[in-house]
Structure formats: C-alpha cells, structure tokens
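As recorded in TrEMBL:
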- A:6-290: domain 'UvrD-like helicase ATP-binding' (DOMAIN)
- A:27, A:28, A:29, A:30, A:31, A:32, A:33, A:34: ATP binding site (BINDING)
- A:291-567: domain 'UvrD-like helicase C-terminal' (DOMAIN)
DNA sequence: CGCCTGGTTCGACCT
DNA sequence: GAACCAGGCG
C-alpha cells in the first residue's frame, strides 16, 4: 500500500485511499491532481478491483494515454484493460455496439462541425429562408445548446420559452430546422458530436438492460476536469453510477473555461445534492509554481464572485516578479517575445521545450510565428487547423466514410464530383430531390440512376456508383489500410495530387500518404481490438487537436491557445495579446458570467507557469486586415501590483510597463525603397485608405496567388498593401489597407 | 458544367 | 485575411 501514497500530503493520501462511495476532489492548479488520479486507480486495482471494471473519463485522449502509461508503470499490463478516454470517444464506442437499439447501424458516421453547418445551410436554402438571418453558425449553436441540455427537437418545438426566445431574435424557424436537421442526420446514419452524448442518454434511458450491463461493467467511475462537463455528460455518469455510487470526480471550479459549449458549474455545486454521503477533499498545496505566480493568480481570481472557497498556497521559492511587455504592434510583440526567449535560453541554459506562448485566439499566432522564424527559434503549434481538417485529408476520409456508410449525405456531396467527373450541382440537386420526394434511400437512387433520372450526367453517376461498389467490395475482403490505399488510388485522388507539382500540391500528396501511414499504424497496433475502417474513422473524427502527435525529436517552443493549454505546465510562459476587447474578448464585456469565465481563462494561463511568467500587450494590432488601436486589458490591473515588475505601490499596472526592452527593438529597415509611382486608373476606387499615410514608400511588388500583383508601401512603422493590380489589364487598382509586408 | 472573380462577411475558445 | 457566395462567361 505504501507504493500508492509515498510522498503524498494528507489530503492527497486520503483521496488515493478512499475506495467506495462518492467522492469529490477539488484540486487547485498544480496540486498534483494527475498523480492522485493515477495512484488512486492503481490502488483500486491493487486492492482487487478488476481493471475492466474501471471507467476513467479524461479531457483529451492524449491525457488518457499518458495516464495509462503511468498506471502501467505501477501495476503493469493490467492497466490495458481500464476503459479510458474522452466522453465522446468512450461513448461513441459503446454506441457502436448498441447502435441497432437506437435506430442506427454500427458503421454510423460522425459529422464534424463542417458537415453539420453544411447540412444546416442546405436546409435553410431548401426552406427558402434568409441565410443572413439563419446563419449556419448561429443555428448550430442553438441546436447544440439544446442537445447539451437534453432537449430533443420535439421538446424544443413544444417549449414556449424557446419559441418566445427565437421569435424575439426573429428566428422563429429554428425549431423546424432542428427537426429537419435531426431527421436528415438519422437518415444519413450520422451523428454529430452532441448526438454522441445525447444518444447515449437515450440509450440508457430507454434500454434498461443496456444500462444495467454497463452499470455492472463500470463499477468504478472517475471523471477528470469535472468543472467542464455539461448536463448531457453529467447525466450519463449519474445513470452509470446509480447502481454502485462509486463515483469520483476531480475538478477545479476556478478553471472552468468551457461554459460556451455547455459546461455547467452547477454540476459541481449540485453534486452534493445528488450524493448526500459525498466526501469532499480539497487539494490546495501547489507544487508547480513560485510563490509570486501563485499569489498573483490568487489576487486575480479573487475578483470573481461565483466560486468555491479555496486557499491555494505553495512552499516553493518566491521566484521572479512577473514581467510586463508593452509593444507598439502585434509584430513588435512577437519580436519582443522571441528576443526574450532567446535571452532566457542563453542566460539559464534552457531548451525550447521549456517555453510556451499562450494566446486567446488562434489568429494571434501569425505575428508570433513570424518573429520566431526570424529569430531562428523552432516552434510547434498545437491546435489551429488540424491535420484532419485539411482539404485533401477530408476528401479521402469522405470517400472512406461513404464506402462504409452509403447513407452519409455530407460525405457524398463532397466526393460525388471529386475528382471532376462532370456531375455538377444541378445534377446533385436533382438526385437529392428525387430521393427526398420518393422517400428512397440516396444510395438506391444513385446505384440505379437510370431508373429514376434521365439526362447527360447519368453515365457519370453510374460510373461513380460502380466505383463505390468496388470500394465496398474491397472493404469486406481487405483490411482498413489496404482498402484505403485502393480508394486513394482508384478514386483518382492521388493521381490528381501527384500531377500537381506546385509546393502546395506536393505537400497535399504527402499528407495523403501520411494519412495512409496512420491507418497502417492503426491496423498494426495490437492494442486496438477493432481494426475495421469504421473504427478508424471514429477515432479520427474524435481526435483532439491536443492529441496530434508530432515528434521529430527536436526541442520546440509550444504555441497554443489557453484552452489547449489546460492541464499542461511549462517552466516559462508568455501570455500575449492582453488587450481589452481581445482578452477579455469584446463579447464577454457585456455579460458578467462571460467576463468571469474570461478571468478564469487568464487564471489558467498564469498557473501554467512554473518559474517565470511574462505578460504582453500591443497598442495596435491587425484585425480583418486593418489596424486597430488597443487598450491594455483590465485583467492586468486586477493582478496585485506587488507581483509585477516595477509595480510597487502603484495601482495601474499598464502605466508602468517595462519599456527598456522596446528601445532595442526598433523595426528593422528592409528592402530598397522606391517612390510610389503608380498612377491610379479611371477604375481606381479607394475603398479603404485608413492605413495609407503621407510619405509612404513602395517596398516591393509581389506576385501573389493567381495573376495578382500587390503593391505595398510603408513608412517607418506602418506598412500597407495599397493596391492590387491585375496582370494583363493595365491598371485596375483596388485599394486595400494591410500591414503585412513580408514574403 | 466549371472556372473565375469580385464582393461580402466575419462572435473566440473545442469535441 | 480567409472563406464563402453569387453572377458572368466560355
């Protein structure tokens, strides 16, 4: 037993040794939560609980994998039998087993956000609604919000509150769209992300035998990052725990940052009501950060009203004060950060891995990346456009999805004319309309196209149907990798890419190869019990951006959003873009709840740092291609100034920024300048010249995408693209205002 | 049908 | 700046 509790403090030990009954662990930032969780699971198994009776729900699949490895180190191979993963991946797996009970087949597709939005767009169009009012994003958010609260479309349509609300926003048709969306998804044998949880609830609600089976299987439940579960997720675990009440939740209300997708702090607050015998343990000692960082974080989060009483402390050293950089522009901010990282590496013999740069939005990475590249500092970006979102990858995946599931309408739309085989939108619409009107399955219409539709494109469609039949046939005889290779080749996708000799085309080709490699690995991995194509597709659809492995052995600075940084720690952390309307974001300003969530987000960012923390903001920044003036974030003023460099005794942090750094970082002069000599043609219409200033010099001309030349101008610190010139047509000049001048 | 292009719009964060 | 769309033309 000593093995499990060696070196733990009292509350940690208590959390590990507690075995039966409900327990809630409130784990402050850096309080050794992962260690407690792993040791607790190891202890359960060590005291006789079979590994397959344990279900551990984590926030990312990567976190699950790492935890499994750590448990394996303690108890060995048995750890393989623990069910571990995200809510979505675990319950998708269960739904595959039980699909027939809820009107699906086990090869159901998982719609990603793009698929969902595309489906909504077609419904809005079919119903002749105004797509300015019924924007796909808005509608999807509304539907998603309902599903996360377990409101079906029937309930939605019958609920006067929703109807009232939608009418107030002049979107009365949302309930109808929800209904059609859902019917269409079922017809396509497809579930979106929210359906995975929603349908699990339905399964457990309507099929007591199934529920019982999983209750008996999962005798011990552990839920990590409990503060970020939504109602739908919570009800699933509550149902599962109903038989044994062995439920352990771990979370920190101060780190709840996913309210926007339905996470509900009430889950933590209500937990005690649902489990009166609940034992609550608080882990308040921080092992990660310096006193300065812990206290600064506390001083910030104290401004929030809605929170559980907690006193996070540390016995670590005081450490450095928190640095604050003020930059003139986002580009300069990048330079300061790059320069600072360079210096820190030199002074303290650190590697790139010791640094992380965190930002509020993915778009902010651009200026930072540029600066790091110029400074020759290797970096990696977590998140952003993921591998699986790339066009060529989605193309092949759509083929695979359609091969496995002929009902998958969104996949069909993507591939039916890819590569071009002369099936245009008109034809596609005709086929879809035929299927809807005669209430036939899509595949029935496509595979017997001449029976239903006449016209030129029928030959092309018949050819397409042959192709798909061939793929389907292959999938029954070959393994997932062989099938996918065949599909890539015979569909013509690979050939298209191969013939594209541009740099872009080359990398696309490589990406497809990489996807095939991934499938090969999946097939060869002995830990995977199911190796068919749909198992692979399921895994791929639910891969988190944080899951993407990228390991060429080189040390790199990590760039990511704060959301993606949850659960991670770095010796030195830079939080950039601390400007009002960016962080906190514009939209959060009007609502106190949202403002408090932004504050928690900043709290998460600060508490990622072990030794040194640097905050920065710019006084101007690009947005939608134009310059925006920025004010320092209110959050900077909320940190107790005693913990900020040069902050003694003053109240306004932003006024005593360390500016010594700025002097060394004047923008460098580049490229020979020449006077701007272009004469605007009669067609010249200056649409936006806000960034165009007197005295600007033309820096260089650029051949951009296609046939367009860009004329760029700059003076000392402003840079602007002021015109595009169409090749061949002398001087059709349009005016734009941009800051970017490189490349 | 398919390509080109000019116009328009954009509420971040993630499964 | 990028993604998406409508409209025009070969």
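Each residue, glycine too, has its Cβ placed from N, Cα and C.
Where the annotation comes from TrEMBL, it is an automatic prediction and has not been curated.
Projection of TrEMBL feature records onto the structure.
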{"residue": "A:27", "record": "ATP binding site", "Cβ contacts under 8 Å, 6 or more apart": "A:33, A:36, A:250, A:251, A:252, A:283"}
{"residue": "A:28", "record": "ATP binding site", "Cβ contacts under 8 Å, 6 or more apart": "A:252, A:254, A:282, A:283, A:284, A:285, A:286, A:310, A:312"}
{"residue": "A:29", "record": "ATP binding site", "Cβ contacts under 8 Å, 6 or more apart": "A:252, A:254, A:255, A:286, A:288, A:289, A:297, A:312, A:603, A:604, A:607"}
{"residue": "A:30", "record": "ATP binding site", "Cβ contacts under 8 Å, 6 or more apart": "A:286, A:287, A:288, A:289, A:294, A:314, A:569, A:607"}
{"residue": "A:31", "record": "ATP binding site", "Cβ contacts under 8 Å, 6 or more apart": "A:12, A:283, A:284, A:285, A:286, A:287, A:312"}
{"residue": "A:32", "record": "ATP binding site", "Cβ contacts under 8 Å, 6 or more apart": "A:8, A:12, A:283, A:285, A:287"}
{"residue": "A:34", "record": "ATP binding site", "Cβ contacts under 8 Å, 6 or more apart": "A:67, A:70, A:567"}
For this session: Please report the number of other Cβ atoms within 10 Å of the Cβ of residue A:33 (ATP binding site).
Result: 22
Exercise. Quick one: which residues besides A:27, A:28, A:29, A:30, A:31, A:32, A:33, A:34 have a Cβ within 8 Å of the ATP site's Cβ centroid, in sequence order?
Worked result: A:36, A:252, A:283, A:286, A:287, A:288
Exercise. What three-state secondary structure does DSSP assign to residue A:28 (ATP binding site)?
Worked result: coil
Exercise. Along the domain 'UvrD-like helicase C-terminal' (A:291-567), what average pLDDT does this model show?
Worked result: 88
